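J.: I have a structure here, written as structure tokens, and I will follow up with some questions on it.
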Amino acid sequence: MSLQMVSSISNSSLIQPGFSLLNFDGHVFFFGQKGWPKRSCPTGVFLLDIKQNELKMKPAIFSKDSCYLPPLRYPAICTLRGNAESDKYQYIIHGGKTPNNDLSDKIYIMSLISKNSKKATFRCIEKDLAGDVPEARYGHTINVVHSRGKSVSVIFGGRSYIPLGQRTTEKWNSVVDCLPSVFLLDFEFGCATSYILPELQDGLSFHVSVARNDTIYILGGHSLQNNIRAPSLYKLKVDLPLGSPAVTCTVLPGGISVSSAVVTQIGDTEFVLVGGYQSDNQKRLVCNTIVLEDNKIEIVERESPHWTPDIKHCRMWFGCDMGKGSVLLGIPGDNKQMISDANYFYILRCRGAEEDEEEEPTAQTCSQTSAEDPGDSTPFEDSEEFCFSAEANSFDVDDTDTYNEDDEEDESETGYWITCSASCNVDINTWVPFYSTELNKPAMILCSSGDGHWVHAQCMDLSETMLLRLSEANVKYFCNEHVHLNKGLQTPKKVGQLKKQPMKPLRKKKAMKLTPVKKSFLRRLFE
């Protein structure tokens, strides 16, 4: 194992605890930046370009038919292949935190549709499920299992906010362990089913999960309710017959007391466990090898890298699997740095140079790594970032324009690039200002139908005069799709201009005619 410090990194302040790495065709992409995306990279997805020990972040774009994907931190992520023979795969993204500290319960499928020397284009779609849909959460894991020629996704663990009815001002953002239910998600039929197993008594967060065929191994984790990191090891087996699925759980010996660890795959059946915490105030500097063979798991200690003094003495650390046996690790920068939230980064390579040949991964790893933001929680609280295994053939890519966050101001608002209606034609990649009041995002107006939803003013054919009137008036507005509700102010129909009738000219007064008698009288009067 070798540890190398990244000497230079552009925009390092975007990489904070909670980020994720996606590996497509050997190229590693960063997802889950701190704060809302900026104008130069509104997608919040960057290519990580590593050359000569220097890491640069280059923006990626989404296709026009993509849904909006917020910069989620601490989500659950895993790969999804079309079939066993296919080389193409997608990523499943579930849950996580938005920059507003809200929790997401949505499920996204993300795929790479094109890449050239300048840009990488992704497509992201949102999946709707029926049945026992998992609640919004973070710090959980997701894996894909295969049985009898079929496959399902499995979600377990995590944390969520306390129920809305139990919130108080002092404990508004307090979190609790999610119930220890196992969720099976079938994307083919669009349904979700939950299972309660007697072997799983306590909720877990920031645990490690490794999947192979029809079996998932869950290792370690932290329980908020008991505030312990039990050396637990569970074996979940999923059977997918023609009827209802069957899920069984077995408690195995030989677990490890660890949370927030990173797992990276170095062989067909071999993995390396790195980092994490073994107690509230102590990092875990020991590394382990995990071997999956013949429906069993073996965990042994292995030689650790030569950790630097900065890593040994830092208060917290975080990281993510880069694929191909490499891990990106970060530690907080010292107080002398000009950028307060900047971090130092290292690349840990767990494979030798002779082992860096192409290998098709047949298993998945999921782990929770890093630590929570220092401003959001106490030090050494469990990591809130999700990691996974993926291939990484090379990190050398063609030169492209590098994103520079110093060029722009931060934007703390989002949701402008949604598909507001069936006729919506606002595209994040091609949009230009339409109204004089617009600068870098489209004008929107709230439709008062139901719980309310936002629509683009341009898609509603609103004139600039009407848009200004609606923004100043205290009235309800209903979009074109809800005008049948007949409540409040609606988008006015276009009517022809009324013809103005010309005004009649004033009649001139006629001069008074004088008779001979009147003339004689007036002459005498003035003599």
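Cβ coordinates come from backbone N, Cα and C, glycine included.
All TrEMBL annotations are machine predictions without curation.
Note that this is a predicted model, so its numbers are computed, not measured.
This is the feature table in TrEMBL:
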{"type": "REGION", "residues": "355-382", "note": "region 'Disordered'"}
{"type": "COMPBIAS", "residues": "362-371", "note": "compositional bias 'Polar residues'"}
{"type": "COMPBIAS", "residues": "373-382", "note": "compositional bias 'Acidic residues'"}
{"type": "DOMAIN", "residues": "415-492", "note": "domain 'Recombination activating protein 2 PHD'"}
{"type": "BINDING", "residues": "CYS420, CYS424, CYS447, HIS453, HIS456, CYS459, CYS479, HIS482", "note": "Zn(2+) binding site"}
J.: For the binding-site residues listed here (CYS420, CYS424, CYS447, CYS459, CYS479), tell me which residue's CB has the most neighbouring CB atoms inside 10 Å.
T.: CYS420
J.: Among the binding-site residues listed here (HIS453, HIS456, HIS482), identify the one with the smallest other-Cβ count within 10 Å.
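T.: Among the binding-site residues HIS453, HIS456, HIS482, the sparsest Cβ neighbourhood within 10 Å belongs to HIS453.
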J.: Which chain neighbours of the Zn(2+) site, leaving out CYS420, CYS424, CYS447, HIS453, HIS456, CYS459, CYS479, HIS482, have a Cβ atom within 8 Å of the mean position of the site's Cβ atoms?
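T.: Everything else in range on the chain: SER421, ILE445, TRP454, VAL455, MET460, ASN480, GLU481.
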J.: Can you tell me how the residues of the domain 'Recombination activating protein 2 PHD' (415-492) break down into helix, strand and coil by DSSP?
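T.: DSSP composition of the domain 'Recombination activating protein 2 PHD' (415-492): 15 helix, 12 strand, 51 coil.
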J.: Summarise the model's confidence over the domain 'Recombination activating protein 2 PHD' (415-492) as a mean pLDDT value.
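T.: The predicted confidence over the domain 'Recombination activating protein 2 PHD' (415-492), as a mean pLDDT, is 77.
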